[in-house]
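See structure below.
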Amino acid sequence: MRVILLGAPGAGKGTQAQFITEEFGIPQISTGDMLRAAVKAGSEMGLKAKAVMDAGQLVSDDIIIGLVKERLTQDDCANGALFDGFPRTIPQADALKDAGVEIDYVVEIDVADEEIVKRMSGRRVHEASGRTYHLVYNPPKVEGKDDVTGEDLVQRADDTEETVRLRLGVYHDQTAPLIGYYQDWLKADSATAPKFVKVNGIGDLNEIKQSLLASLKA
């Protein structure tokens, strides 16, 4: 089973990705990890990518697609793979399609922007230990203080409302159009298009997992 996972930053893709990979025994493939591994291994596509990166340029979609095809031939992908953060744009999705890389499911984890802002901007962290709290869902016993040490909690720069909204803006501009892309492909050609699954990412974690599992096994 080959799955593309879509959803805004903070929608809970990481949690669901881990669940899917464990449930179906497939690896999670991110383009960053794939690039690093190919460069380290000195594969043909890895050497091409290294030459581009060494020149300070962006790795082209053609090279990324080549790396994807190369990665899918490895033993751990025999049962499929989960694509994390790829494709990110319509041109990448087109390139994947044109290269004949078959995808079984596209899964969208659907969470409204305001819920994501609430989730992420409410996070507070004890930097020394990495303990994480949330002002609404998991507040510390004493406001602004770590439960164990009593030291101050901080809000990471990535979690400020301004930063979260900026990241959501990038997602809506670049990646959200993929949802329409795959839905339109399915309407036009259901024989070759991946099945599209939309999962509500708000609510009890186990219920979300069961809903996702039922859709992928349907």
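Note that Cβ sites are derived from N, Cα and C of the backbone, with glycine treated the same way.
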Item to check | Given ranges 30-59, 90-119, the stretch to which Swiss-Prot attaches the annotation region 'NMP' | outcome: 30-59
Next on the checklist: Given a separation of at least six residues and a C-beta threshold under 8 Å, show me what packs close to Arg88 (AMP binding site) in the same chain.
Outcome noted: Gln174, Thr175, Leu178
Next on the checklist: Which one is it, among the binding-site residues Gly10, Gly12, Gly14, Arg123, Tyr133, that lies nearest to Phe86 (AMP binding site) by Cα separation?
Outcome noted: Gly14
Checklist entry - Here are some binding-site residues: Thr31, Gln57. Which one has the most Cβ atoms within 10 Å of its Cβ? => result Thr31
Checklist entry - Which binding-site residues from the set Thr31, Gln57, Val59, Arg156 come within 10 angstroms of Arg123 (ATP binding site), judged by C-alpha positions? => result Arg156
Item to check | Where the record names Thr31, Arg36, Gln57, Leu58, Val59, Gly85, Phe86, Pro87, Arg88, Gln92, Arg156, Arg167 as binding AMP, the maximum Cα to Cα distance in Å | outcome: 31
